[in-house]
Structures are given as C-alpha cells and as structure tokens.
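Student: Dumping what TrEMBL says about this protein:
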- Cys167, His182, His338, Cys342: Zn(2+) binding site (BINDING)
- 1-18: compositional bias 'Polar residues' (COMPBIAS)
- 55-76: compositional bias 'Low complexity' (COMPBIAS)
- 88-99: compositional bias 'Low complexity' (COMPBIAS)
- 1-105: region 'Disordered' (REGION)
Amino acid sequence: MCSSKLKNLTQENISQINGRPVLQPKSNQVPTLDRRNSLKKSPPKPLNPIASSKIPSPRLISLNSPPLSPNSKSLRQPPGSCKELLRSSSVKSKPVKSPENSDGGYKEVMSMVIVQKQPGSIAAARREEVAMKQEERKKKISHYGRIKSVKSNEKNLNVEHEKKKRCSFITISSDPIYVAYHDKEWGVPVHDDKLLFELLVLTGAQVGSDWTSVLKRRNTFREAFSGFEAELVADFNEKKIQSIVNDYGINLSQVLAIVDNSKQILKVKRDFGSFNKYIWGFLKHKPVTTKYTSCQKIPVKTSKSETISKDMVRRGFRFVGPTVIHSLMQAAGLTNDHLITCPRHLECTAMAAL
C-alpha cells in the first residue's frame, strides 16, 4: 500500500526533459492542461455581438486619476464633464457600416472616434490670445486715450539737441543748471573783479568734483563769503572761518585757501590797479579763440595757464594749479574753447571783439 503511493508520487514528480526523466520539486510543477483550462476565466459575453465584433471600441483617455479601490464608492462624472472632455479631444462621430444586416445590406452604426489635437492648434490658440489682448488694448486706448511713449520723448529731445548742436559734453542727460551755464556764461569774457574772484573759487572747488555739483552750491558760496567782496573776506577771523565750516559744510582747508587768496587779490589790486588787469595782462587783453571740432582735443592745460599758475603761486595764491587756471580761463572767457559747431562759439567771439 505504501509502496504504491510512493510510486504514484514519484511518477507525478518526474517529468520528461529531452527524453530523460527528471525529478522536479513541488513548486516547479506545471498544472495539467485540464486544470489550466479550468483556471481560465471566461470573458463576459458582449451585449451586442455585432457592435463588439465589427465596431472598434474607442480608447479611454487617462485623466491621471488614482486607481479605484474595491471599497470606494462609484464615481460619477459631474454634468458637462464628458462634453468638456470630448470638446478638448476634438471628438468626431463617424458612421461605420456593418455587413451583418438581416436584409443583406449594410447597417450604419455611429462610432465615437477620439481625435487628438494637431500640433498647429497651439499656434492657433496663441493667435487667439494675441487677438484678445489687442482688443483689450484698443478698448483701453478708446477710453483713456493714447499715451506717448518714452522713446518718442527721447527722440524729440534728440532732434532738439541736434538742432542746437551744442558742445558734445552737453548731452540729453545733462543737468539744466549746467546747460544754462554753458549757454549763458561759459566762454563769455569777464572783467569784473568780484566775478573773477567767484570763478576762481568755483574752479578750485570743482577739483575732485564736477561743475554741476559746484553750480548747485553757487549761492551757498556767495552767502558764506559775503558776495565775494575781497575786502570783507580778507578780514575773516578764526571764529568766522569756523562758523562757515559748521554752517555751510565747506572744507576747512578750502575756506582758509579762499581767505588767503582774497588777501593776495588785495595786493594785486595795489600793484596792478585791479585783479582784472592782472589776469588779462598775460594775454595782452585779447582772448584766445580756438577752433576745436571735438571735445577730446580740448587740453586740460596750456603753456599760458602754466605761466599764469607759476606767477600766482609765487605771489602766495593757493589752489591755482595749471589745470585750475585753464578752467578759470575757459569760464572767464580768456580762451574760447567752444567747438566750432556750437552756436556759442561765434557769439563769444563777437562779444570778445567789442
């Protein structure tokens, strides 16, 4: 009895591989054909055999929804969602003919075919978006009116600047106070002692700074130094000098230099009669007229400015280097350094001839 059972188990575990008997473990055994067929699930029968066999069923588009669990409730699409899905996928219905009609003819069956959008539809959507923006812009313009752009304003400024053709260091971004100084004062011959003293102070103050900043503080210098009356400035004591430093924010060394220069101007007046005669005497009372076509060619100092600077230093003046003196000559009209393309060149030349 036991031997027969063992024999049956052995025969079940032995399989033929390439004509040779091979003993297999229980886990590797393949079920027999009958048992395998019994395990197969029979597919559900379709309700309409004609539609299921002949009509291709539409593929469902995954909407990245989570998988349904057996315990979850049945999900229903909200009203209108199917229509939106079909509209977004460009669903088209096509008639499909079925040859299995009982009359021997063809039976038309509507089949839903999902057609995805073509790549060109993105460009079409973009064109629609641009058209909508243009319509909104037209409505705003009709309501608020058209606003002039910044570029048009800059263009008008460029045209105006080209008409005047000032010196090239005057640009569109130049400060109005600097432009007014160029158009009315720079290069005009000056023969007044107070104004010459003022220009000497301003040219010395613009060292390490710029003309625009100095011109904005011009009234401050006038108040601090009594309208550039050399006789009054020469009498400033230490208390007055310190009050100028505290009240007007002017550097102490600069204040001391201005007071010393006022004393030297008084000495020059005693020797030459006026500060005007002393300065213009180096040029024989005739201004120098240059003919520069570019600001890059205008020098920062000349041999004449070096000569005047050496003599003033010998007399005890301070802050009167060759560059400062050349700037004074330009500001006081001792030299006309306007470009020949600038309208102020001819105007200053005509003033010097008077």
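Placed from the backbone N, Cα and C atoms, the Cβ positions cover glycine too.
Those TrEMBL annotations? Automatic predictions, nothing curated.
Provide an account of the burial state, proximal residues and distances for the features listed.
Tutor: Listed in sequence order, Arg166, Cys167, Ile170, Arg344 are the same-chain residues at least 6 apart in sequence whose CB falls under 8 Å from the CB of His182 (Zn(2+) binding site).
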Student: Restricting to the same chain and to sequence separations of six or more, state which residues have a Cβ under 8 Å from that of Cys342 (Zn(2+) binding site).
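Tutor: Correct list: Lys165, Arg166, Cys167.
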Student: Note down the number of other Cβ atoms within 10 Å of the Cβ of His338 (Zn(2+) binding site), including every protein chain shown.
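Tutor: A count of 25.
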